[in-house]
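Below you'll find the structure, written out as structure tokens, and then a few comments.
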Amino acid sequence: MNPYILATLLLGLGLGTTITFASSHWFLAWMGLEINTLAILPLMAQYHHPRAVEATLKYFLTQATAASTLLFATTTNAWLNGQWDIQHMTHPLPITLFTLALALKIGLAPLHIWLPEVLQGLDLGTGLILSTWQKLAPFALLLQIYPANSTLLIILGLTSTLIGGWGGLNQTQLRKVLAYSSIAHLGWMILVLQFSPTLTFLTLITYLTMTFSTFLVFKLNNATNINALATSWTKAPALTALTPLILLSLGGLPPLSGFMPKWLILQELTKQDLALTATLAALTALLSLYFYLRLSYAMALTMFPNNLTGTTPWRLQSSQITFPLALSTTATLTLLPLTPTIMALLTP
């Protein structure tokens with residue numbers, strides 16, 4: 001892609017997210033989300049492959065449906081309350097429609113069907129943007145109008161953690177595994193949203209850091225399935241030794257950084273007398289941990305199978321800049337001891 005066009009599209013992504021962040025009027029927030037969607041569509045279809053075009057079309061139709069539902073919810077709210085401000089949403093009907101529209105936008109279960117298929121059709125770079133940057137604007141809106149005592153959020157959260165863990169068990173394609181990982185982590189964020197928005201924000205930051213590291217590792221190795229991971233030790237042995245730690249951090253295994261948000265969320269749910277919800281969430285985390293262990297085993301403890309019909313890929317050095325990967329990997333592996341400091345900074 002022409003670098004000027006690429007810069008324009010990335011600027012559009014940043015502009016759309018910034019407009020949504022800064023808006024207090026529903027129409028401006030909706031416009032920011034639409035700019036965001038329109039800017040990423042050419043990035044998704046830049047490689048003229050049928051799977052990429054199909055993924056782009058699926059993403060466009062899904063986001064258009066969510067945007068129309070969102071606009072309907074805001075119009076209904078203005079009709080009921082006479083207000084277009086984001087903070088003035090009190091009626092349960094527009095709040096429910098709004099929550100479901102944003103759940104469809106970010107891929108919460110049971111509105112998640114589009115996410116694994118779309119991510120599977122994209123290259124790893126665009127998939128990284130879809131899994132990280134595209135979550136920011138919808139979450140900014142959810143954090144502003146989180147409904148109190150909402151059973152809907154708990155149902156969405158538990159369903160997402162269950163389907164996110166269950167769906168990734170039998171996957172061999174890395175992009176689908178990361179899609180189900182995204183669904184499971186979003187479920188954890190939604191579970192605690194109405195009780196502690198600060199904790200949701202902390203979980204989002206931790207998830208973005210870990211997912212950024214994972215995508216960059218797979219991009220560096222040019223790996224899209226589990227078998228391709230087994231050749232990574234010949235390309236980058238030091239990174240291959242660190243990658244299982246990144247994957248286990250995504251699974252929430254102590255003493256890695258991914259354990260921090262899960263631990264705090266379970267503690268908060270217990271404080272809110274939701275012991276059953278906390279127990280179910282902890283059990284579903286075991287499902288996610290299994291397929292992260294499976295990836296770690298395939299990457300660090302197995303050799304590349306020699307009986308495949310395909311050929312072994314060339315072991316060429318990657319031209320990817322490694323400084324962002326080194327920075328995010330360090331954060332992924334070392335943030336747990338800084339939990340009290342991070343919580344003190346995030347608490348108003």
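Including glycine, each Cβ sits where the backbone N, Cα and C put it.
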- request: Could you check which of 19-37, 152-170 is flagged in TrEMBL as transmembrane segment?
  value: 152-170
- prompt: Which of these ranges is annotated transmembrane segment in TrEMBL: 59-80, 301-322?
  reply: 59-80
Field: Interface check, the transmembrane segment (152-170) with the transmembrane segment (233-254), three or more C-beta pairs under 8 A
entry: no
- prompt: Looking only at the domain 'NADH dehydrogenase subunit 2 C-terminal' (289-343), what is the mean pLDDT?
  reply: 73
Field: Distal contacts, the transmembrane segment (325-346) - CB-CB under 8 A, six or more residues away
entry: 198, 201-202, 206, 209-210, 212-213, 216-217, 220, 239, 242, 245-246, 249, 254-260, 264
- prompt: Out of 177-195, 201-221, 274-293, which stretch touches the transmembrane segment (92-115) the most, going by CB pairs under 8 Å?
  reply: 177-195
